Amino acid sequence: MGLTSQLIPVLVCLLACTSHFVHGHKCDITLEEIIKTLNILTARKNSCMELPVADVFAAPKNTTEKETLCRAGIELRRIYRSHTCLNRFLSRLDRNLSGLASKTCSVNEAKTSTSTLKNLLERLKTIMKEKYSKC
């Protein structure tokens with residue numbers, strides 16, 4: 001019986017430490033996968049890379065990073081749902097971004113300037129690398 005009462009605090013401590021360890025590294029794993037996918041996409045020479053997209057980074061100054069990532073996800077979804085190229089990579093990227101982005105946002109295309117898919121992916125890669133360096 002005495003052994004059990006001594007083990008409980010140790011087990012609780014181990015559980016707390018491991019859960020912190022796992023949650024602390026989730027950011028790294030997700031960001032690594034996003035960066036790898038972005039590296040693959042930006043290295044490709046594909047006509048889809050010149051498709052027009054809303055410039056989600058030309059948002060007002062008070063826009064949060066989560067809103068910007070949400071808008072990027074919306075644009076990626078719009079591309080891979082309406083074009084057959086790069087679907088696997090763009091959907092994977094969208095899925096990974098959704099974990100870092102806010103759940104609701106809007107892209108008002110009438111007021112938003114346009115860019116290309118390649119520019120969107122390059123800027124997203126820069127942001128993700130900066131975020132990874134701080135993780």
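The backbone N, Cα and C atoms fix where each Cβ goes, and this holds for glycine too.
Feature list (source: Swiss-Prot):
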type	residues	note
SIGNAL	1-24	signal peptide
DISULFID	Cys27-Cys135	disulfide bond
DISULFID	Cys48-Cys85	disulfide bond
CARBOHYD	Asn62	N-linked glycosylation site
DISULFID	Cys70-Cys105	disulfide bond
CARBOHYD	Asn96	N-linked glycosylation site
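For the disulfide-bonded residues Cys48, Cys70, Cys85, Cys105, Cys135, the ranking by surrounding Cβ atoms (within 10 Å, all protein chains) places Cys70 first. Looking only at the glycosylation sites Asn62, Asn96, the densest Cβ neighbourhood within 10 Å occurs at Asn96.
A Cα-Cα distance of 21 Å separates Cys70 (disulfide bond) from Cys48 (disulfide bond).
Geometry remark: Cys48 (disulfide bond) versus Asn96 (N-linked glycosylation site), CA distance 21 Å. Counting in whole angstrom, Cys85 (disulfide bond) lies 19 from Asn96 (N-linked glycosylation site) by their C-alpha atoms. Here the candidates are the recorded positions Asn96, Cys105, Cys135, and by Cα distance the one nearest Asn62 (N-linked glycosylation site) turns out to be Cys105.
Here Cys135 (disulfide bond) is positioned 25 angstrom away from Cys105 (disulfide bond), judged by their C-alpha atoms. Annotated pair Asn96 (N-linked glycosylation site) and Cys135 (disulfide bond), C-alpha to C-alpha distance, rounded: 16 Å.
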